[in-house]
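Participant: Got a structure here, written out as structure tokens. Questions coming.
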Amino acid sequence: MLAWSSPDVPSLDDPGECPREVRVRDTATGELTPAGHDGRASMYVCGITPYDSTHLGHANTYVSFDLLVRAWRDAGLAVTYVQNVTDVDDPLLERAAATGVDWRQLAADQIELFHHDMVALRVVAPEHYIGAVESVPDVVRAVERMLADRAAYRVGAAADGAGDGDVYAALSADPRFGSLGSLDEAEMLELFGERGGDPDRLGKQAPLDPLLWRVEREEEPSWPGESLGRGRPGWHIECATIAARFLGVPFDVQGGGTDLEFPHHEMSESHLRVLTATAHPARAHVHGGMVAYQGHKMSKSRGNLVFVSELVASGVDPMAVRLVILAHHYAEDWEYEAGALGLAEERLATWRAALAQGSGPSGADVVAGVRAALANDLDAPGAVAVVDDWAAAAIAGSGDDAAAGATVARAVDALLGVAL
């Protein structure tokens with residue numbers, strides 16, 4: 001699957017003065033850890049299920065991890081970034097049935113909209129953008145291996161009579177399961193049931209065991225599964241197989257929102273451990289905060305969504321939307337309010353007015369300050385404050401660096417993704 005077109009990202013001068021290490025907070029340990037090794041960096045970020053794209057919660061995730069890609073590249077690392085798109089899954093099929101739109105067309109339309117939004121927000125595209133459908137052969141091979149190793153098993157029909165032969169992972173095969181978070185079994189079961197799991201499925205060896213292969217049902221899409229029979233993949237195994245194929249293990253960062261920490265990342269990590277015999281397939285798990293609106297986390301089920309495309313269509317500069325996001329640390333939960341957009345538009349106008357002054361305080365100091373902020377757990381608010389301070393001083397007539405405006409514009413573009 002083709003990703004969107006990446007923006008042109010300018011190179012900055014004096015790369016030797018750039019921090020050579022970007023540190024992020026690992027969910028598993030709670031500690032800051034270097035991200036990137038031996039001149040290379042690799043990251044997997046979970047992508048959209050394309051049936052309602054792109055709201056500010058999505059944008060928050062992808063803009064946040066875009067900062068990491070930009071910081072890595074500025075530091076001279078060779079970056080491999082992989083993102084999936086879950087282009088077949090129960091929520092997509094349910095939305096298609098409810099609207100009378102073919103599920104393939106719905107997915108294609110929403111993926112195209114997502115791409116337009118990523119282009120508008122100047123998010124750097126991943127090197128590999130992989131759909132669940134195209135990963136089916138890899139999933140089949142992985143599930144067959146797990147069955148052969150007794151790390152998976154088949155179950156009989158569900159209570160509705162369907163699903164005879166569904167394949168589930170035996171989490172008992174992974175002694176490290178649960179090591180990513182700090183949840184007890186009751187908390188895991190509650191979240192598993194809320195987030196797509198089926199703890200009460202008859203025939204399972206344990207309530208938390210996740211689906212690997214859903215055998216063919218009437219009026220559902222399916223694909224050849226070799227010895228598994230026709231069907232479609234489970235959610236967690238899709239990401240595990242895509243990461244294994246396009247990144248290998250271990251890779252540096254597994255990224256996504258905090259709502260993916262459990263069960264999705266915990267279970268994908270478990271599958272990778274079983275398939276690769278690697279204790280820590282991802283060196284660090286990095287999770288972004290949730291965005292709320294009208295008092296609740298933005299969610300498709302609640303319908304309290306603010307769409308990037310609608311903001312842009314109303315005349316909002318996409319760079320102001322990006323600045324709304326950059327005003328918050330990626331790990332922060334925050335609530336969107338209309339006033340935030342006005343503040344972001346004012347900030348954008350101030351930065352542009354500062355560039356028009358012709359000279360100002362040292363641009364090199366801005367580059368160093370923004371780099372230092374991003375190297376410290378992607379501190380976007382700290383980086384934005386550096387630019388705010390420079391802009392205020394430039395407008396006040398301080399400084400005589402004639403090249404400052406051009407230097408700052410390149411830095412803000414390259415590191416923060418904001419085109420001035």
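Cβ atoms here come from the backbone N, Cα and C positions, even for glycine.
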Participant: Which of these, His58, His264, His280, does Swiss-Prot say binds Zn(2+) at the same site as Cys46, Cys239?
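Facilitator: Candidate in the recorded Zn(2+) site: His264.
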Participant: Which stretch does Swiss-Prot mark as motif ''ERGGDP' region', out of 194-199, 254-259?
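Facilitator: Within the set 194-199, 254-259, Swiss-Prot attaches motif ''ERGGDP' region' to 194-199.
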Participant: Between the candidate ranges 87-91, 172-176, 232-236, 297-301, where does Swiss-Prot place the motif ''KMSKS' region' annotation?
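Facilitator: From Swiss-Prot, the annotated motif ''KMSKS' region' range turns out to be 297-301.
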Participant: Which is it, of 4-14, 48-58, 356-366, that Swiss-Prot names as motif ''HIGH' region'?
Facilitator: 48-58
Participant: Looking only at residues six or more beyond either end of the motif ''KMSKS' region' (297-301), which have a C-beta under 8 A from one in the stretch?
Facilitator: 51-52, 55-57, 91, 290-291, 336
Participant: Would you list, in sequence order, the residues of this chain other than Cys46, Cys239, His264 that have their CB within 8 A of the centroid of the site's CB atoms, where the site is the one recorded for Zn(2+)?
Facilitator: Asn84, Trp235, His236, Glu238, Gly256, Leu260, His265, Ser268
Participant: If you run through the motif ''KMSKS' region' (297-301) with DSSP, how many residues end up as helix, strand and coil?
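Facilitator: Output for the motif ''KMSKS' region' (297-301) reads 0 helix, 1 strand, 4 coil.
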Participant: Three states by DSSP: which one describes Trp235 (L-cysteinyl-5'-AMP binding site)?
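Facilitator: SS state of Trp235 (L-cysteinyl-5'-AMP binding site) = helix.
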Participant: Mean pLDDT for the motif ''HIGH' region' (48-58), rounded to an integer?
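Facilitator: Its mean pLDDT is 91.
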